[in-house]
Structure formats: structure tokens, C-alpha cells
Amino acid sequence: MSVSLTPEQQRRIEENRKKALARRAERQAQIADPGPAQNKHTQSGTTGGPAKNNQHFASDRGQSGAPTRQTQLIDINAACTKTAPPTSITAASTASSFYGQAGKPSTGEKRPPKPPEPAANIPAKKPAVYLRGRCVSHSENRFRVEVGYHADLILVFKSIPSKNYDPATKMWNFSLEDYQMLMEQVAHLPSISLKPLEGMEGLNISASTCRPKDAAAMAALMRLCQGWQKPGATIKGKCVLVSRSRLEVDIGYQADVIGIFKQMPSKSYDMKTRKWTFLLEDYGKLMADLNELPTVETEPLPHAVLQSFSSQFEKTQSQAPVPPEADLSHIDPQLTRSLMPFQRDGVNFAVSREGRLLLADDMGLGKTVQAICIAAYYRSEWPLLVVAPSSVRFTWAEAFRRWLPSVKPDSINVVVKGKDSLRSGLINIISYDLLNKMDKQPPSSPFNVIIMDESHFLKNMKTARCRAALPLLKTAKRVILLSGTPAMSRPAELYTQIQAVRPALFPRFHDFGTRYCDAKQLPWGWDYSSSSNLTELKLLLEESLMLRRLKSEVLSQLPAKQRKVVTVTTDGINSRTKAALNAAARELAKGYHNKSQEKEALLVFFNHTAEAKIRAIMEYISDMLECGREKFLVFAHHKLVLDSITKELGEKSISFIRIDGSTPSAERQLLCERFQASQQSCVAVLSITAANMGLTLHSAALVVFAELFWNPGVLIQAEDRVHRIGQTSNVDIHYLVAKGTADDYLWPMIQAKMNVLEQVGLSESNISENAESASFHSRDRQQLTITEMFQRSFDEDEMLALMDQDP
């Protein structure tokens, strides 16, 4: 049965939008005639164009500007949205289908009385007003907005200089020059989402660095990307970005095409490549002329390039603008004073990108300290989440303690078990694996600032770790990705990181894959494993989200050797090992009157430390391999540790060499030559005392000390297996130090001895430069006593004699 609306009902609906959305209208919707005046208003989620009556109300109230009605609607909307979850308005969310009144509740309209209903009387079922609309082309230089009525939206419309209301269509239209202004203002209305104008979907309204000065010109460029395919074309080509200022047209010979090229003011022909290049400011005219040729098909530059280099299409500049100096006065001086110039530049870049970037500096350039400084810049938005490989969780905690002394140590929360809280600290540090396990226990509110260490762990969007991380990253306001090995040769592995930082850049993976992964359609599906247009991709990433400096570029600012203390944990060791380690520590604490017994007890403690560290050592080596470190050295002392490392590498089919006390002298040189010549992943597993001299392994630039040794001279000799004549890179030295083990006492002693050597000129570098990042050495009397035992029990000759005997 169907009943038409009475004239009285129509009049009342036109007078007041809230009456049209009254509950009485909802109840009548089941039997009402399915006309636009009812169905499109009463049924939330109905697809189609905007309701005519809503547009009519917009015209009446927009033109009359009756304050009482507008005030009533705004007050009710505010009351409704108080309990509503925040709505993120992004290109991804607005790319969904257009709904005239989708999700629009009819709250607050139980009856038609004139005063507004108090918030307490608003039904709880539909607490948020949510309105979807779209921008569509209206004429050559204008666009219109198809959307239902919302009082706040009408106020925005009225503020646009080129506003025009069309009574015939009951819609508002605007000049393309004001498109940017309108979308920016609508982005601040949490209950409204407008689908972008066709061709402008990729435009990131919120990113100040990517705003075009002339939205109309940008819209025209975007339209060049539409409908460029010509089925009957006999000549096909494409435009490719070759520098920040120039594009290349890769196309076969055709007289008309060459004629167009020669007319371009910035034309340049390369005799070697036989390609034409042009300034970006000529792109619009170039494409417009080429599109006029019926037999020529030219693939345009992708939306992402137009968006990221928008200012270049207006007036081309060869040099990128230098980011302004960020104000770091509110950050701990201990941190800001320690930044090298290029690291300060990295912080400036991050701030200019509003805290969303991929920091892809080479290993050893201080990505950690830069990330901490960037996060500290946005400290008012904390709590902070740090996601890192399991082996470096505690290294991050120590780094925060060192660089941000204003942060209380007990406010740093390192998640070690799945049952631990993810939000109990101001700084929360978790591993990728644990984040995946806690995926089903999301935090009560999203993290606004997130650091993802070794973000290339997210390279496969199908993995559990990626599925757990991406939702957090999409809701975060600041996203700091760290990776020393961006997969530029495998662009498909970069896509998830691009999505995390700038999701609007490439909303669809297939578009990214066809442009940069040389996508091919095979019988079983699409293959995205290759690469294409890599120069353009590199330029695009550097312009929009990525900062990458190589060691060779900042060599003058770096020390020849950079030492890093990596704090590892003994969590996960079996109860027997743990009990033995604790027992050895207790025995040492008692003290000995007999020097021989003291030495023996110290060696027992050292041996149990090796057993307790094995798991953490293997985890760290695995992380280094996954991070892309193809060649490095691992020094250890105990046979148990050396055996465990080589066994693990063998099981993973990783090439390695091993040199220890049992390796014949004749074989050592052959093993070194094999390592030096290797072009694939290869790890040199070496004994600290048996392979610390006489070997040249400078094809690697990373040394990992899985165990400590209390003679710093031996450690320096081991470091110099790679830091020697022929080394063309800076050398990274990583010391793995475990709390609650003999390392607590060995490391302070090593520092003290090295300081003495430096003061007398016997060492050119201080091994304790980075030691502050590992504050293991407490000042309780028991620990000092054990340290003194290590110092007095062995002179250098005795140490070497005892330690050369592997247990």
C-alpha cells in the first residue's frame, strides 16, 4: 500500500529539514510512495544521487540564512557527534561510491516542536551525522557539489568567493580556482565526506608541500590523464620523468610528432639516446597537441607525479626547495646538540612533510637518533609507538633514555609478552611478531605517532605482520618509517610503505604495478615481480615522502668507524641456563680470598653468559640478513657460540666461512679470498682470539661482536679486519651486550681501559663513544665488586693464556 505525502507535510518538510527526517517520517517510509522526498531521506545508506528536497532546503536556507534554523541544526549536530568516533576523511575514504544521504541518521526529530531537543533525549542508536557527496564537472572552468543538506556545509559554500547557487538544479557550483579552498575547508568537517573531482583523486589536500598554486591548471593537467588510449593508434609512446625538471617522451618516429616537439620552447634532443626531453612547464601544451593526433597514443605522466611536482608544471625549478629550519627549542638539548648537519636536515625534511616520511639513510647514518628527534618534535601528540625487530627492542629503550633524559625511565614500556599492555607507557616498544599476536587486542584509541624500524619488514602486504601494522599506520597522524635498504630494484615491495606514509599517492596497487613493476598479465594472473621507470619512481619518492643519503654523500661528517651498542635480552633461555647464570653471579658476589678460585669463578660466569646469549645472537644475525646486509663479520669466543652460528647459517642456506683456533694456517688465506670474492650473501664467523689479526676482509663494512672480550686492544684488532687500506666505506661496529650477564661488568671495564689507551695516544678512537646508550652499569656495591674482580684477576698475559682455551 502506498500513501502520498499531503501538501501540509511537504510544506513542513521544506520549512524544516529536521521535520523531514523525523521518526514519524521513518515509520511512514515503509508505506509511503517511493518518491525522492521521502525515500532518499528516511533510508540511510540508499545509493544514488542527492535528494532533491535536501537540495531545495539547502537553497532556501542558504539564501535566506535564517539564523534560528541554522543554529538549531548546528547545535543538534554537535550533540550528535560528541559520542561519535572520529571520521578520517581521506582520498581513500572518499573514493567509495557516492551516496545521496548515506549513513545520515534522523536523530533529534522525535516530534516537530520548535525548540531543539536536548542532547540527553537524542536516541543513542545513531549518534553521528555522516554525509557523503561528490564533486562533478559543471562546465569548462567550474564544478558543482552534489550532496545533501548540512548547515555547516552551507556555511562553507557561502565562504567560497566564486560560489553560485543554481535554483533549477538546487545545487552549488564554484570556479575550479577555488576547488582547493573548498576541499580544505570540508576536510575540517568530521561528519562530511566529498568524493574528489574526477582526475583530482590523488591530490593530497592536507599536504602543504604538494598544494598546487592554481587548482584550475592542475585540474586541466589531471584531465589529460583521462581517455588517452586510442584503439586505432599506430604510433604509441609514453611520458617519463627523467629529472626533477624534465620529462622524456619515449615514442617512435612520426613526422607530425617531431613537428610538435620542435615547437616546444624547452625542447632538447639527445643524440645518444635519440630521445626528446622537455621542461615540465611545457607538459600541458605538449600533451594537448599530441592528443590532437588521431593515430598517436601517448601515455601521460601518472597522477602521483602531477600531484607531487605540481609547482614544477607552473614554473620549473631545477633545484628542490630547501625545507625551512624546524624549531627544536622544546626538545632535550642533549639530543639537538648531538645532531650532525645532515641529521638536522633529516629532521627539517620530516617536519616539512608533517611527520610522515620514509627515512631511508644508509646504515650507520643515525636513523635512530633522527627518528627520536622527529618523534620528540611531536611529543604533545604522544603516546608513541615504536615497532622494531625483536633483537633491538631494548636498544631502542636505551636510546630513548640516553637522548631524552626528560622522559622518565619508568614511562618507557617494552612489550616482551603477548599479555603485556601495549599502552602502559608514554613510549611503547614492541616487536613485529608480538604486534601480530596482539592484533586482536587493539588499543582503546589509536597511536598518533608511530616509528617503524626496518620498515621493509612490511614489504609483503599478505603477511600477518603487515596486516597487523597497516591499520595502525593508517590512523596515525605521524608515521616515521626507517629502512636502510629500500627495495628500489623490487618496487612491489615498496608499495606497502608508500601506502603507510601517503595512501592517496597510489590508491590502487595495479596502477602502481603497471607503471613501476613492469606488470605482465600471464595465464594465472598478473606478475608484478619486475621493475620499470625506476628513475621516475626514485624522483617521485624523494619529492613526496622519502629521504635517502648514502655514506659517500656525507662522508666528511662521519667518523671512519662508528660503534653501536646493541642491548639484547636473555629472555627465552631455558630454566637450567638461567639458574646456572644466576648461581654464578651469586657465587661471585660472595668474594674470594684465593685468586685462583676467583679466576675460575669469573670464567664460569663468562661461560654461562655465552650460553644465555645464543638465542639473542642468532636473532640479531637473522635480522641483519633480512635487512639486506649481505656481507659482514661475526666475532665470538666460545666454541658453543661459533657452532650455533654456523649451524643456523647452514640451515638457512647462507654462505659462510669460519676461522677459529682449529683452522690450519694454509686454509685461512683461501677462506679470506673466498669471502672477499663472494658476490652473494656471505658471513665470516670468526674467533675473537684466533682471527683478530693477519686477515684482510674489507669487502665487508659491518662487524658484529656476539661476545665481549676484556682486552680492548684485541677488540680493536678484530675491528680492523675490515677497517684497513682498501676499505672504501665507513665501518659499522655492533657490540651485542646482554643485561644480567657478565657483560654488565665487562663493558664498563672495556670502556675504562679504552679511555686510558686513548689518553696516552695508543688508540685513535674511543670505544666508549656510544656506550652511553647502554646504561647497564649500576652503582650498587655488589656490581662494583664483581667488576673489580675482573679488573684485578687477569693481567693481559694471563687473560690471553686462559681465554685462548675454548671451553
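Each Cβ is built from the backbone N, Cα and C atoms, and glycine gets one as well.
Taken from Swiss-Prot as is:
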BINDING   Asp361, Asp362, Met363, Gly364, Leu365, Gly366, Lys367, Thr368  ATP binding site
COILED    8-33  coiled coil
COMPBIAS  9-27  compositional bias 'Basic and acidic residues'
COMPBIAS  52-68  compositional bias 'Polar residues'
DOMAIN    127-198  domain 'HARP 1'
DOMAIN    231-302  domain 'HARP 2'
DOMAIN    348-504  domain 'Helicase ATP-binding'
DOMAIN    620-773  domain 'Helicase C-terminal'
REGION    1-68  region 'Disordered'
REGION    98-124  region 'Disordered'
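On its own chain, Asp362 (ATP binding site) has Gly484, Arg548, Arg549, Leu550, Lys551 as residues at least 6 apart in sequence with a Cβ closer than 8 Å to its own Cβ. In the three-state DSSP classification, Leu365 (ATP binding site) falls within coil. When each of the listed stretches 127-198, 231-302, 620-773 is scored by C-beta pairs under 8 angstroms to the domain 'Helicase ATP-binding' (348-504), 620-773 comes out highest. In this structure, of the binding-site residues Met363, Leu365, the smallest number of CB atoms within 10 A of the CB marks Met363. The ATP site is defined by Asp361, Asp362, Met363, Gly364, Leu365, Gly366, Lys367, Thr368, and by the 8 Å test on Cβ atoms against their centroid, the other residues of the chain that qualify are Gly484. All protein chains shown were included, and the count of other CB atoms within 10 Å of the CB of Asp361 (ATP binding site) stands at 22. Over the coiled coil (8-33) the predicted model carries a mean pLDDT of 55.
Mapped onto DSSP classes, the domain 'HARP 2' (231-302) shows 21 helix, 25 strand, 26 coil. Cβ neighbours of Lys367 (ATP binding site) (same chain, under 8 Å, six or more residues apart in sequence): Leu359, Asp361, Leu482, Gly484. Secondary structure by DSSP for the domain 'HARP 1' (127-198): 20 helix, 26 strand, 26 coil.
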